[in-house]
Amino acid sequence: MSVQAVRVEPSPVSLSHLQRLEADSIHIMQEVMAEAERPVMLYSVGKDSAVMLHLARKAFHPAPPPFPLLHVDTTWKFQEMYRMRDRMAAESGMELLVHRNPDAMARGINPFDHGALHTDLWKTEGLKQALDLHGFDAAFGGARRDEEKSRAKERIFSFRSANHRWDPKTQRPELWRLYNARKNKGESVRVFPLSNWTELDIWQYIQLESIPIVPLYFAAPRLTVERDGMLLMVDDERFRLLPDEVPVERSIRFRTLGCYPLTGAVESTAATLPEVIQEMLLTTTSERQGRAIDKDATASMEKKKQEGYF
Amino acid sequence: MPASPSYRTDALIADDIDAYLELHRRKSLLRFITCGSVDDGKSTLIGRLLYDSKMIFDDQLAVLEADSRRNGTQGGGIDFALLVDGLAAEREQGITIDVAYRFFATEKRKFIVADTPGHEQYTRNMVTGASTADLAVILIDARKGVLTQTRRHSYLAHLLGIRNLVLAVNKMDLIGYDRHAYDAIVADYAAFAASIGIESFVPMPISGLAGDNIATRSANMLWYDGPCLIEHLETVPLDVVSEQAMPFRMPVQMVKRPDPNFRGFSGLIAAGSVRPGDRVRVLPSGRETRVSRIVTFDGDLPLAVAGQSVTLTLADEVDCSRGDVLAAASAPPQTADQFEATIVWMSDEPMLPGRSYLLKLAAQTVSAQIQAPKYQVNVNTMAEMPARTLELNAIGVANLFTDRPLVFEPYVESRTLGGFILIDKISNATVAAGLLHFALRRASNVHWQALEVDRAAHAALKNQQPRVLWFTGLSGAGKSTIANLVEKKLHAAGRHTFLLDGDNIRHGLCRDLGFTDADRVENIRRVGEVARLMADAGLIVLTAFISPFRAERRMVRELMAPGEFVEIHVDTPLAEAERRDVKGLYAKARRGELHNFTGIDSPYEPPERAEITVDTSGMTAEEAAEMIVARLFA
């Protein structure tokens, strides 16, 4: 006599918004892997990069992600960022490529003397150089649509011409979960798997998954100066003090991380993840407010993107 | 502006962040689309939702206030619409040119809003936005009632399979919150909705500008006893939940083989659920096996459901690769290569019936040919109109054939296995979206007949290798002359040949075709198929056709065995061909008596990598023929 197994249909499993965002991001990464010839992951060491890297490790488990990490370095990042970068590369088992624009290096381009040129040469030009140098045809980036208005209309698969320009008017429609990854000769594609994540989603996911992030996101006493309404951290001896400036120790943290002389800190006592999220939720300014780059003009980001900024 | 409660409790955030985070960890996700034009207050409504949910920060608000004074339409008051108009080009022109995605959250759900503009690009953009939406908010201006565009929006939302429709009758403040006017609009809409098969919808009277019935029920409309918009968005059932009750489906995106002992199949579960031990069928091969493990970074799972990305290992060594579908063995989807489908055309270049496009459905990419549309749908009246092609933003119904079988389900049953895109093989642009209706019965009945005397046997008896020598070039370039000479030489050498000539074919096989782009494509398709049959018979086939488009020459090339197709470009400059004008056609075309003439008012796309290029200004036809024979048969 045999016993017929009766399968009791379970009540529906309720997937949380984070589980669904995670699944969609993994789907996007696997599509790129299947369709691109030479993908790379742009790794800026910030919290979004941390989440993106974590998702990549999930997407390709049990193997390490089958592409390198690329850090477009400006030589002016916070020291703690360099430490975190090297640690995460080792932990993930991925190859780490670091590109520093040799032209910017030779000309001694720095944030103190060169203003906007610093970002243009080290980041925008540096990125183009690195992609061309290695022949990468698909680059993952951690940009989110909620960051900035022009991002809200950018596709998840965002094509760049052979000279890396973005044309918002010829974007391909993206329907369902169908991504057309086919490229014309010389074209490359930037892929944004975090497109539909918000800042709150990122923080909650970091907490839920215990993802390591640079300690600068948490408040601690640090040496600072106040300049042009921004709190800047004196991260190393290269920081040029103005004649009457004296570094002051303040309890600060950062909402975004970039080149330390260009990244504004906020005064804060939030030293744990829940406290940081609490502060984020109760704050009244957006995270890009700490970046000097967006203040140039209303549509500055859109313009930079058309020129090839990530 | 009346104070509007926020959707989140700042008190809880301040007092007990851990409790707040726990609450938020369990939020679900709803994607919806808002449909309406600028005049309906769509951007204002979205701006209001973001504002009320505190997704707007002070620095953004400061920019918004400055923008409102400069470009706003609210007389110095905050213009919420400016909040969502993304690109500088759009802000200057006061239009939105594309789909934008917005985000906000309440205590219960996170929302992704697809915001699509209301001008002439509407169909393409709305279809794109609707493809991922669980719900559509159809906005109506209470002063205007049900308009043509209301019908269009509703038809498209319904077509794309959105089952939850909200009819938001907006600007109620401007009609004095008049219940009778509202009731009349709802009755009007209900009659229309029923006529196009919409089974249900949820009407609500709102004001995006004043905030009525958005976050809270309005005190101005006590006669309304339904939910406010946010309340409804927070509680409407999610598609992802109902999808769990369907049979298991997982398109395989990639096969993971990190080491010889592990072979996993990864993908996002499109429907149903799966447990270790479940019987699954691999399609299209039809092999059955069992699921061994559900592997994730966080450890093996006992159960996975629709909406999750997982890696499955299988009990048996079955053949399974990207594009295959793993499905419940007891209820597998169908496989076919001929379909009827709705096609939404999204490219400036019109559809060319007969041209071969790439078709991507789930993880499957195949070549597909679309037949001439059976009809086109007027999206304003839903009337069926005759059509020979589909242009940008047109929607039509057509049959399509694929070069390999597709694992599919009708779109109404599965967005994942029934929705596809078409990609132009040359430009690589996404040119259309499609919704599969059903497989044509012919597909399952007409099987390839396995022939015992096969092409190799035919070729062996003739002691030659079949070839297709495809001569292409302008009218009067010398294609037929050279092809004739080549055939004579081959014939004299004892080869079995056949010459298909453009003019002769058009007297018979293709006499029903004209010279429009669509007809040219069909002409070449037929010639290609005939050439293939002749090559199968072991012949060396010569063809002399202008064949102006790269895509069609490539389509024919792909019909043949590798190396069999030889493209010969008879390269004569237009001025020289026109000077010769053997048939007097150029003169006629110049006088405007002949339309769609290649080189004059219809393009010729020269080959990029022809096997042989003949420069007729540097050699005679006889020399060209000798060169071709020497190159190919030496």
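A Cβ is built for glycine as well, from the same backbone N, Cα and C atoms used for every other residue.
Per TrEMBL, domain 'Tr-type G' is recorded for B:27-241.
For the recorded site, B:Gly36 (GTP binding site), the DSSP three-state label reads coil. The GTP binding site annotation in TrEMBL covers B:36-43, B:115-119, B:170-173.
Per TrEMBL, the feature ATP binding site maps to B:Gly473, B:Leu474, B:Ser475, B:Gly476, B:Ala477, B:Gly478, B:Lys479, B:Ser480. Sequence-distant neighbours of B:Leu474 (ATP binding site) (same chain, 6+ apart, CB under 8 A from its CB) are B:Ile546, B:Thr572, B:Leu574, B:Ala577, B:Thr598, B:Gly599, B:Tyr604. DSSP assigns B:Leu474 (ATP binding site) to coil in the three-state reduction, placing it in neither a helix nor a strand.
All protein chains considered, the CB of B:Ser547 (active site, phosphoserine intermediate) has 27 other CB atoms within 10 Å. According to TrEMBL, the feature active site, phosphoserine intermediate maps to B:Ser547.
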Rounded Cα separation (Å) that holds between B:Ala477 (ATP binding site) and B:Met172 (GTP binding site): 70
Residue from B:Gly36, B:Asp39, B:Lys42, B:Thr116, B:Met172 whose C-alpha is spatially nearest that of B:Gly473 (ATP binding site), among the binding-site residues: B:Thr116
Cβ-based neighbourhood (8 Å from the centroid) of the ATP site, residues B:Gly473, B:Leu474, B:Ser475, B:Gly476, B:Ala477, B:Gly478, B:Lys479, B:Ser480 excluded: B:Ala544, B:Ile546, B:Val570, B:Thr572, B:Ala577
Between B:Gly476 (ATP binding site) and B:Gly36 (GTP binding site), the C-alpha gap once rounded to whole angstrom: 54
Which of B:Asp39, B:Thr116, B:Gly473, B:Gly476, B:Lys479, all binding-site residues, has a Cβ with the fewest other Cβ atoms inside 10 Å: B:Asp39
Proximal residue to B:Thr116 (GTP binding site) among recorded positions B:Lys479, B:Ser480, B:Ser547 (C-alpha distance): B:Ser547
Between B:Met172 (GTP binding site) and B:Gly478 (ATP binding site): CA-CA distance (Å): 73
Fewest-neighbour residue among binding-site residues, criterion Cβ within 10 Å, set B:Ser475, B:Ser480: B:Ser480
Cβ neighbour count (within 10 Å, all chains shown) around B:Gly36 (GTP binding site): 24
